[in-house]
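Structure, as structure tokens:
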């Protein structure tokens, strides 16, 4: 093969490589969703979000006011605004609801009867709040690894979710820090609900 043809062959290969790189373009941006995460102090909100962000458990400090975490998933990024769950903070929760596209409610399934009753009242208030009532809800029954943990069916019955949340988009899932795969699957289901709501809005 002549030097000219060898040069032409290399130039053509360079052109193919250039076209493959340039025409491919950057990967499509993942959609981002703004979520609010609520629940009583001790329910495990901060620990669960830190686990999803692969943060060291030694650095986890309970949220007293609010914090924001960007939680990345393969098909979306969740910008989660976590609100502290202390008595003196919960009355201000509604001030931070504006702009939310979904809700994460974390409850301690092994808590005392009094705390469980308080959690039920707070969830009922959130499900009926004007700024949240049309949004997808992910309800996490945390601490399933504890001996006193109530089952999902017990939680569903006690919280009266079937009649209260009828017609709403909601998911109730068990979780614990020991099972991160199940936790990620719960959030994937929430992302599906968020995407469905997006598609419905586009069709309107």
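Placed from the backbone N, Cα and C atoms, the Cβ positions cover glycine too.
Record features (TrEMBL):
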| type | residues | note |
| --- | --- | --- |
| BINDING | 39, 40, 41, 42, 43, 44, 45, 46, 85, 142, 143, 144, 145 | GTP binding site |
| BINDING | 46, 63 | Mg(2+) binding site |
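Within the same chain, residues at least 6 positions away in sequence whose Cβ sits under 8 Å from that of residue 63 (Mg(2+) binding site) are 45, 46, 82, 83, 84, 85. Across the annotated binding residues for GTP (39, 40, 41, 42, 43, 44, 45, 46, 85, 142, 143, 144, 145), the two most widely spaced Cα atoms sit 22 Å apart. Sparsest Cβ environment among the binding-site residues 45, 143 (other Cβ atoms counted within 10 Å): 143.
Each of the binding-site residues 41, 46 was scored by how many other Cβ atoms lie within 10 Å of its Cβ, and the smallest score goes to 41. Within the same chain, residues at least six positions away from residue 39 (GTP binding site) with a Cβ under 8 Å of its Cβ are 45, 85, 105, 106, 107, 108, 119, 122. Cβ neighbours of residue 145 (GTP binding site) (same chain, under 8 Å, six or more residues apart in sequence): 176, 177, 178.
Take the CB of residue 43 (GTP binding site) and look out to 10 A: across all protein chains shown you find 24 other CB atoms.
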